[in-house]
Amino acid sequence: MTPADELHPRRAVDVADAGSVPAADESADRGPAEGDPAQGRRGNGSRRGGEARREPAGPMLHEVGGRPPLGVYITRLLARRHFAWTHASAQALSKNSSNVLGNIWLVLGPMLDAFAYYVIFALILKTDRGMPNFFAFIVLGVFLFRYSMKSLNAGSGLIRSSKGLIRGFAFPRAALPLAALIREAISMVPVIITALVLVVAVPPHEPPNRLWILLPALLALQTVFNFGLILTTARLTYHLPDLSSLISVLSRFWMYGSGVLFSVERFVDSPGFMTFMKINPLFHILAIARSIVIDETVPPAEPWLILTAWSVGMLLFGFIYFWRGEVNYGRE
């Protein structure tokens, strides 16, 4: 014991105790003795077992590029709604950027179509006889029918034209039809406003009435129907590219079969054709709009119910049909 330890006896005891501890600690750190291999194996096994028990269970693996369940797919699609909106709005604003008049063509195009059809069917063929406001009849028919036809064309070839985006990023492919629908809906806003301004401003005038509050509901049903069209056409033209060339021809048949340019009741007396008209969703869209704006009468319940059934049914069929082909898009 040193003189300093004598002055501090507690320190001397601590030092003595500290000197006796490392022997046990060092033997514990060194593990089992070299001559006891069994003890070494037991120690290592125990150590490995402890480490194995501490490992957390890994996440479940999913097939890369596989089709997720429908509920999961819808959730992922809703999570990409901001992408769809940004993609659609950028396309809507830049679509006519190379033209001198720019986005004025969004309303100028359907206006020129309506004027051309008015000249042909009213001034030349005289099919406006007995109709109170043939101009409003033509404008509503052309503008609303154009909305669905542009949606139909938007779905045509959509998957093949977006092949680079599909191969470069992982996202629900239904985000592409959703973006196409949003783009056409954005473009439709100034178009429908222009149509209503025209029917009010051009004689014989159709002043606004309280039934116009039904127009947003009509456009909402048409938009739902258009989404089903885009989804269905997108997959059909992916598997059958030649179908894209036939869509314009089918659109003309659909236009003349929907009463866009003439009153079906006045010029068609075929029971079979009238039966087709009764199940034609676009015919009911135009009939409801004309009843609200021109006739100022509440449309009956039957066309509303038929249109609602078509809109919901087309959306469900189109979405499931598109989802079932999810794993094939962009693979060839």
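Glycine residues also receive a Cβ, built from the backbone N, Cα and C atoms like all the rest.
Per TrEMBL, compositional bias 'Basic and acidic residues' is recorded for 1-14. Taken from TrEMBL, the feature domain 'ABC transmembrane type-2' applies to 101-325. Taken from TrEMBL, the feature region 'Disordered' applies to 1-61. Residues annotated as transmembrane segment in TrEMBL: 104-125, 131-149, 170-199, 211-231, 243-264, 304-323.
Contact between the transmembrane segment (104-125) and the transmembrane segment (170-199) is supported by 3 or more Cβ pairs under 8 Å, counting only residues 6 or more apart in sequence. Here the transmembrane segment (170-199) lies next to the transmembrane segment (304-323) in space: the count of CB pairs under 8 Å, restricted to residues six or more apart, reaches at least 3.
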